[in-house]
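Q: One structure, pasted below without further comment.
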Amino acid sequence: MAESGGSSGGAGGGGAFGAGPGPERPNSTADKNGALKCTFSAPSHSTSLLQGLATLRAQGQLLDVVLTINREAFPAHKVVLAACSDYFRAMFTGGMREASQDVIELKGVSARGLRHIIDFAYSAEVTLDLDCVQDVLGAAVFLQMLPVVELCEEFLKAAMSVETCLNIGQMATTFSLASLRESVDAFTFRHFLQIAEEEDFLRLPLERLVFFLQSNRLQSCAEIDLFRAAVRWLQHDPARRPRASHVLCHIRFPLMQSSELVDSVQTLDIMVEDVLCRQYLLEAFNYQVLPFRQHEMQSPRTAVRSDVPSLVTFGGTPYTDSDRSVSSKVYQLPEPGARHFRELTEMEVGCSHTCVAVLDNFVYVAGGQHLQYRSGEGAVDACYRYDPHLNRWLRLQAMQESRIQFQLNVLCGMVYATGGRNRAGSLASVERYCPRRNEWGYACSLKRRTWGHAGAASGGRLYISGGYGISVEDKKALHCYDPVADQWEFKAPMSEPRVLHAMVGAGGRIYALGGRMDHVDRCFDVLAVEYYVPETDQWTSVSPMRAGQSEAGCCLLERKIYIVGGYNWRLNNVTGIVQVYNTDTDEWERDLHFPESFAGIACAPVLLPRAGTRR
């Protein structure tokens, strides 16, 4: 660093330096007398300083302390150690007796670790391998050399593999390295079954094994394989056998195949001799034998291993006069933030304008049409339940009436089908499905016949808006159903009339989106979006849609509303657009595209098993 005072000194300052990298351009200022003052910087100075200190160390010059470990000596400069390490700074400047000693014996670190630490202090470099890294990391933590700790963490993350993962995890625990621990956990969740084949797995502490087995983050793991891994760990040490139920309670036996339970689980002594393990097995058999009572048997062992909801779509139609076909495809958007849909499975029968509702992560699929009709003559009464873990369809009791362009919602553990139309015309009837009895029964009818409406449940009540009724005002109407009183009442109407639109609840609000408005012999897209607050019985307008969508699928996924496909009346055609509305920011985000241009799509948020667990 150089400073020059006076106007003439500043002009000649740059040429006064000798060989080597030139100085950076000076920062110049002038004082009130006009004198020029320049500050120069030599970028290579810190490197030169380190090199000079390393040379002094190598030549044994100006050394003022010797650190010893097990009779191995490490000469150094106190000022260098104090500048790099909080531990040494406190030792040499904090009034400790070591400050005046020439030879200091260190305890708590290895000689190999200290050698790497001192080399780093003089070079800013450390050479690591799997053989030495634990010694170096231990020394860096003990001597409070944060840069070396961070370099060791970086190395260990890069060295992570099926073979090294658990050992690295032990280091992360020993030295309280949260970031490294998170990396180890994430790697283990992705590769658990491969890691379970390693010898290190058999030495995994009980609490760590339980941590992994109880998690929803395990990927590509069938429950039968997790069971086998847990049994292998238990059988490694006979002293572990009394803890069998503590470990195996985290295996989700009800989600196994029946053949796996019979052939691979109940045949093991441990599952018969341990009282709690016998209960887990009985729970699994009961769960599978009584599918209509599975809602009553929900427990941590019946939950799908996933904590990220997927958007799942069902059916749809291309809506052309020449093609009356409907789709049987089921697509998924794997997680919020994903950009592309992929095929998940197929429905037993193709369907469009079906309605879906989710209860305990089972998807109820009801009504719709199996051939594309412009009117209600193709309406069906069929009802199915989709189990996302076993990828299995269960045919349920049919509805009392065929329905299309109706609503299906879950309320208080029951599934409600409201309104719609069929071959006989529009409907005011409301049906209620009891999962335990597998029966549909009638509830209080709507106040008037309605089809093409939208619905959402919120706060223990069911809300129905818009649709075709008997007057124009019905297209703005809001009906509210109280299941305790079994009665409907009108609430404040929407600001915009709309039919064939969507409703979804989010954060105590109920949003009405999309749809169309009829005018004489033409139809127009409704772009306006508004939300209803039940506590105040008021509607509020928010940012409008960018493109029209009616007869579209709609659902909430982590506080964002997805509107999938449908019909665009400005283009007079079906669309494959997926518009995404952020309820937190009142903004429409970048559009997605559905694989097909379909109307009559139904969609719902569903927890799906992480990749590789569906069979």
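Cβ coordinates come from backbone N, Cα and C, glycine included.
The domain 'BTB' annotation in Swiss-Prot covers 63-130. The annotation domain 'BACK' is assigned in Swiss-Prot to 165-266 on the grounds of sequence analysis. Per Swiss-Prot, the feature N-acetylalanine maps to Ala2; the stated evidence is a large-scale study or a structure entry. Look at Swiss-Prot and you will find 1-35 tagged as region 'Disordered'. Among the features that Swiss-Prot reports, repeat 'Kelch 1' is placed at 310-361, with the record citing sequence analysis. Taken from Swiss-Prot, the feature repeat 'Kelch 2' applies to 362-413, supported by sequence analysis. The annotation repeat 'Kelch 3' is assigned in Swiss-Prot to 414-460. Under the heading repeat 'Kelch 4', Swiss-Prot lists 461-508. According to Swiss-Prot, the repeat 'Kelch 5' annotation covers 510-559. If you look up Swiss-Prot, you'll see 561-608 marked as repeat 'Kelch 6', on the strength of sequence analysis.
Tell me what's around each of these sites.
A: Residues in the repeat 'Kelch 1' (310-361) partition by DSSP class (helix H, G, I; strand E, B; coil) as 0 helix, 24 strand, 28 coil.
Over the repeat 'Kelch 2' (362-413), the average per-residue pLDDT in this prediction is 94.
Secondary structure of the repeat 'Kelch 4' (461-508) per DSSP, as helix, strand and coil residue counts: 4 helix, 22 strand, 22 coil.
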Q: Of the stretches 310-361, 362-413, 414-460, 461-508, which racks up the most C-beta pairs under 8 Å with the repeat 'Kelch 6' (561-608)?
A: 310-361
Q: How many of the residues that make up the repeat 'Kelch 2' (362-413) does DSSP mark as helix, as strand and as coil?
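A: Taking each residue of the repeat 'Kelch 2' (362-413) in turn, the totals are 3 helix, 24 strand, 25 coil.
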